[in-house]
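Working notes for the structure below.
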Amino acid sequence: MAPTNLTKKPSQYKQSSRKGKKAWRKNIDLSDVEQYMEKKIDHEITHGTSDITSLQNDALFHVDVEGDEILKNKLIKRKQIKKVLKSKEILDAVKTNSKIAALNHHKNSSGNPNKIQGVSKHELKKLMALAGRVHGESKIKNRVAKDGLVKTTAGDLWGEESNSKKQKVKLPSGIKLDVEKKDQIPEELLKKSTTSWSTASVRPSTLDIEPIAVKEFTEIPHAGKSYNPNNKAWSELINKEYKEEKAREDERIALEKYKERIRHLMETLDDNEEEESSSNEEEEEEEEENENENESTQCSGSDKEIKLSINKPVKNKKKTKYQRNKAKRHEEKVKLQQELKELRQRVKDLEEVINSEETEILSAIESDSNKVKKSKKNKKHKLGTKYSVIDERLEIKFSDELSDSLRKLKPEGNLLYDTVRKLQSSGKVETRVPVRKGRKYKQKITEKWTHKDFK
């Protein structure tokens with residue numbers, strides 16, 4: 001039963017009480033309570049109980065099977081669904097509502113005594129004979145009768161002929177030839193290659209040798225390089241990178257100082273030094289002779305005086321400016337020669353170490369030729385060229401550069417750079433540096449004399 005639509009009282013103007021507590025109690029608004037009570041009465045009329053939560057779903061809802069007729073007619077007009085004819089509706093109603101079974105055609109009837117599951121007995125006997133289920137009949141004979149097989153030698157139609165008069169010969173270069181059996185093939189053709197190449201017959205020993213580990217390469221980056229790193233890992237990375245960069249900077253500064261020193265020596269030590277020194281020496285000798293003459297005159301005058309000692313008096317002979325400069329230059333020359341000597345000795349020691357390492361490697365290869373070699377570490381980080389493996393880039397962020405969210409994150413590193421460094425470190429690729437092609441000959445500047453034609 002549908003809920004009854006109760007007409008509500010017309011709403012009146014609500015004025016706040018002007019009297020007191022009694023008037024307020026008298027004029028209180030009870031519209032919400034009245035609505036709730038009316039709803040309860042409606043539920044009691046429609047569902048038989050005021051509390052509908054205790055009822056099952058079947059009592060509250062029902063499924064509409066028929067559908068909306070108005071909507072159906074609209075869809076038929078738009079040709080979105082087909083219109084069901086009245087005759088078909090009557091026949092469908094008879095089919096569903098009639099208690100008498102429909103008539104079956106003799107062709108569709110399954111109660112044929114000569115057929116088993118729709119297969120005739122004659123056809124079934126043939127199938128049983130092919131399967132070898134009939135007593136007294138051969139399975140092979142039935143198969144031959146059906147397929148028409150003939151007993152012959154088994155042979156692959158697309159394969160090689162078994163009774164062929166030709167044989168295949170493989171040359172050292174890998175070329176295959178069809179040669180008749182009666183023909184004799186020369187041994188030179190079988191042993192020596194007729195082309196500029198030949199197929200490998202022996203397994204190369206280099207397959208057992210691992211590539212040389214030129215430089216250590218870490219696959220997983222340091223934890224301090226994360227976009228949100230741990231404080232301990234980040235400080236470790238900062239200290240590590242600082243030490244490496246400081247060592248490089250100290251080496252660079254020392255090299256610059258050494259170059260500046262050599263340049264200064266080359267500027268101060270001129271080629272005309274010997275000529276200048278000889279002229280200065282002559283001047284100094286003349287000065288010394290004059291001093292000796294003065295001393296002799298003084299001595300002759302002082303012979304008359306009384307002497308306490310037989311020996312000549314000791315005099316502090318002061319060096320001239322030229323002598324001091326000469327001694328200073330000599331000291332610098334000696335020091336430079338000593339440094340060059342030490343450098344030569346160091347280079348010689350390095351060459352001896354390299355030669356000894358090479359001899360050790362050769363002896364190890366000869367002794368353990370069949371064993372798999374371990375990866376050798378190269379101390380100089382060089383392979384095949386004079387250039388060492390490219391260094392790892394400085395990929396570190398300071399405390400103010402660290403981002404607290406992925407939106408502010410800036411990508412670091414270069415995948416191509418890391419791949420090349422990995423290939424160079426593992427010894428698979430040699431280190432190369434782009435070099436500009438120089439001039440074959442020096443440019444010659446000449447003055448043209450064409451301006452004389454206008455005079």
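Positions of Cβ are set from backbone N, Cα and C atoms, glycine also.
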Check each of the ranges 1-25, 151-175, 426-450 against Swiss-Prot and return the one annotated as region 'Disordered'. 1-25
Of SER31, SER98, SER388, which one does Swiss-Prot label phosphoserine? SER31
A correct count of other C-beta atoms within 10 Å of the C-beta of SER31 (phosphoserine) gives 10
Tell me whether SER31 (phosphoserine) sits in a helix, a strand or coil according to DSSP. helix
How do the residues of the compositional bias 'Basic residues' (314-328) split into helix, strand and coil according to DSSP? 8 helix, 0 strand, 7 coil
